[in-house]
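The next block holds one structure in the form of structure tokens; read it before the comments.
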Amino acid sequence: MGPKRKRTRREVEEALLQNARVNATPAEPEDANDRKKRRKRRNYHKRNLDKEFAALGIDAADANVPTANVPDVVMTEGATVEQEGKQEKDNPAEHQQRYAAAYAEEQRAAESEAMPSAAPILTSHERATALRARNAERARMNRANMSASQKERTKAKNRERARASRARKTEEQRIAAREAERRRKQEHRAQQTLAERENEREHNRIQQRVHRAAQSSAERILERQADRARKAARLAARTEEARKAVRQLNREREVIRRGEQTEEDLAVSQALDRERHAVRREEQTEDERAILQAIDRERQANRRAALTEEEVEARREHERIRRKSVKRCHGHVNQVNFRASM
């Protein structure tokens, strides 16, 4: 038995079309709903394929793919002859001699046209960046086409998936993921302008207000307790040097923020703080107030116990200067805004 003959491109396409016709033909009369579902599924896959072609920059319409229903048109010296395939009277040797030069010329023309439009060779990093950008654009399009209920279900599903992923991670993996996220946020903030940063902060503030407004009192209390527990665990995991570095960084950041404020900004900030504290005190019960006072006393005691001798002496000197500089009738002056140069 000799080797199996290779099928031509037209034979392969005809076989594929025949298979598609056979598979698309139901064994019994098709229901209207089934036909609607089948067409919807087929159009869905076709649209996805078109999106992939568009993302890859490939125009499927320009591909030189002959179809099975288009007859071959052969140009001769006198007239145009349509051939449906190989005829009985064809001479293979004459046919080969007649069209060998034309075929070689077509191949050279096709290669010359394909060379300038060849895609550049991308590195792995560039391919990954392009893939991420394409996936992000596709995700944005999908989110834009979602209804409100679909968005809520997707968010809940993503939260559950993230929670399960965090539960499976080890402590080293969590630390590495947090460090990578911190670097990513730093790079993102470094690329932002001042206006973009302010817009993002305002957007976050609006989201927090909406989230708090949708919460009940019990949910708000539980969230605060969880935040306090998480913060206490994070502080307990820090070393003394890390604690000192964070305190110093916070002090420097606060000094810079106050230095950038004008008198009007400072007055507005203090008024907002007083209003927020008043609203929070009104919402508190006696038990919550007692618990918060006990927590504050414990935090102050821990802070005083963590002070070094130099810091204690500096605080005492600061208090002595403040008492000498501020009159008794002005004892309500805010100590936070006090400066020794006053």
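Just so it is clear, glycine is given a Cβ too, placed from its N, Cα and C backbone atoms.
Annotated coiled coil per TrEMBL: 297-324, in sequence order. The annotation compositional bias 'Basic residues' is assigned in TrEMBL to 35-46. According to TrEMBL, the compositional bias 'Basic and acidic residues' annotation covers 83-97, 150-205. If you look up TrEMBL, you'll see 17-48, 77-125, 139-220 marked as region 'Disordered'.
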Looking at the coiled coil (297-324) alone, can you tell me the average pLDDT?
86
Across the compositional bias 'Basic residues' (35-46), DSSP yields 12 helix, 0 strand, 0 coil
As a quick check of your reading of DSSP, tell me how many residues in the region 'Disordered' (17-48) are helical, how many are strand and how many are coil.
25 helix, 0 strand, 7 coil
